[in-house]
């Protein structure tokens, strides 16, 4: 029986008779040869947990045959179906559903389908479980207390085929939770490239913002996923709505059957992974160039540095394809500071706006440089066997890195000096008795004097009229 244990040890299992809590033991306990009708309710609960833990379908059926209610709940509210779904045991789920278990059951708005979508098991098992639950009318649009849907749980875990299955059964792809996160935002936050691509293919809106005003691209950047940031920042929405007009059956078939056939030779993953180059080309609807670029061993970084003449040399002759790539590269390029446009000498007429603009550009450039280094770090080969071409001596690279660190420190020191000078200038201006006040202050003082004079004149005029009327009456 020990050989029938499946998956990680999560809710379900044997409990000692001395336990006051409704806890779960993970160890193996011997199964009785035959269940007795006289078993107490507590004993049946213990045997039921054992059946769920070990994945023992025959023991579960014996319990149900002995009179145990299929939707009986444990002390903390979960039903057997909820436990079976949480470990994505499709055999147990099928037995319980066939016996009348409620596929739409929820505890504190957490549904059975949500439990399956967040299971810590291989995606293939989750797919089978979710498909079975959906066939028994489990709602793909139910939300938990935080308004998260099963689709958001699937996207958060990076299950791309599960995402396709849920959307194929009517899940709202652009629904938002309490924080304004969509399924796309959740996938971007956790760096799931394949899931992001799948959601974009299915029509996810990458312009929707969270409650704090962040788009999926900005979320990816904040969580240090530069490739996703680049892809989501493109003007075009990659393959937007490409599969929105096909039927539910065609949708499910398209994203489940074909992908599973491709991955038969790969034991653990049921979906194929996409590299940076593939994602970039998908984003521009240029998938047909993938094989061409791979044959010529052109990486994404090399592609981003090509010029118009280079495209023709490598076989990209279509003008529209060339323009798409160049427009995308132009959009992703770092804005360079044109130092030659700055005044050579600091003159008195050098405006504060120009100086502020220089500082803002300098700060932006430093931010871009930091992002570029983070990008290199995230893709740097950790193991030497992953390096295809022979590299030079590491001392050469470390020496340049030391120069970079030294230059960065010098930049920090110089900026600190500049800040000190600005503060000193500000203090000198405040303490200078001969300083001419700004025109705004002068004009404001004159306006006040004119207002006072006008009020005084009006007051004297009103007093004169009152006195004259009083004199005439007498």
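Quick reminder: no glycine exception, Cβ is built from N, Cα and C everywhere.
The domain 'SAM' annotation in Swiss-Prot covers 270-333. Mean model confidence for the domain 'SAM' (270-333) is a pLDDT of 75.
The phosphoserine feature in Swiss-Prot is assigned to 16 (among others); the stated evidence is similarity to another entry.
The feature phosphoserine is assigned by Swiss-Prot to 17 (among others), with similarity to another entry given as support.
Under the heading phosphoserine, Swiss-Prot lists 19 (among others), citing similarity to another entry as support.
Mapped onto DSSP classes, the repeat 'ANK 2' (76-105) shows 16 helix, 0 strand, 14 coil. Annotation comment: Swiss-Prot describes 76-105 as repeat 'ANK 2'.
Among the features that Swiss-Prot reports, repeat 'ANK 3' is placed at 108-142.
For 179-208, the entry in Swiss-Prot reads repeat 'ANK 5'.
Under DSSP, residues within the repeat 'ANK 5' (179-208) fall into helix, strand and coil as 16 helix, 0 strand, 14 coil.
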